[in-house]
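Enquirer: Below are the structure tokens for one structure; questions will follow.
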Amino acid sequence: MLIILAFLYVFHSTISAAPVSHVLGDTIPTDFNSAPAQCVCAGQQRSLWDILWSCLATIFACTWVSVHPNIPPFGEKWWKTGLRRVELMLWALIAPEMIIMWAMKQWSGARTIAKKYDGHKWTKTHAYFIQMGGFTLFEGGNPKEVLLPEKMDELLLEGRIDFPRVTVEEIWDRSKGDGLSKAIVIGQTTWFIAQCIARRTQGLIVTELELVTGTFAAFNAVIYFLWWNKPLNIRSI
């Protein structure tokens, strides 16, 4: 909701105007011979498209990589999985604070699970993997249900299953959040922030839309930090 309010402020501020007669009376000189000729350096000016492109590219890059959806149900169609990803991206645009709360809840749960099963050499990645539905119980060769942490504790206590044996390397091999995509996002965000800082230090204008985008990038940086050890676009085992 913070992003929506910020955009409303931006659009409201850009359409406000002063009375025409007042502007003309103050800005148009009556003595044309005394008006000095001025030349504006074109290198310090940007088109509306330049601003929109840099802001939209930064927002899309941040959102696409920072949002880590849970594993889709077994056998779900690829287009349903894609729609689920788009839905999460829209939520990240409309209400990023809700995504942050979800990420914080999973981050806290991952720490607890990793500490609980430290004797089995489980890491936070293992903990995220089981939270997001990475393990599936099979009965007679057919998938029965997703193995969630509470269910795993119950079945282990009853001795009905063996402890899951999977290495962190095997989990990351299934993840599609590769280093290249992370590097592109970090590079795009760093370039955008550096541009804003450089313009500010030179006394040039930083638009309201760029300020909103910077705030949005900060939100997504928090999400990305909380989900750093969570696999991306992965299937269950």
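Every residue, even glycine, has its Cβ placed from backbone N, Cα and C.
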Enquirer: Among 49-66, 211-228, find the range that TrEMBL records as transmembrane segment.
Expert: 211-228
Enquirer: Do any residues of this chain, six or more beyond the ends of the transmembrane segment (211-228), have a C-beta under 8 angstroms from a C-beta of it, and if so which?
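Expert: Those are 2-3, 6-7, 10, 54-55, 58-59, 62-63, 65-68, 92, 96-97, 99-100, 103-104, 106-107, 128, 189, 192-193, 196, in sequence order.
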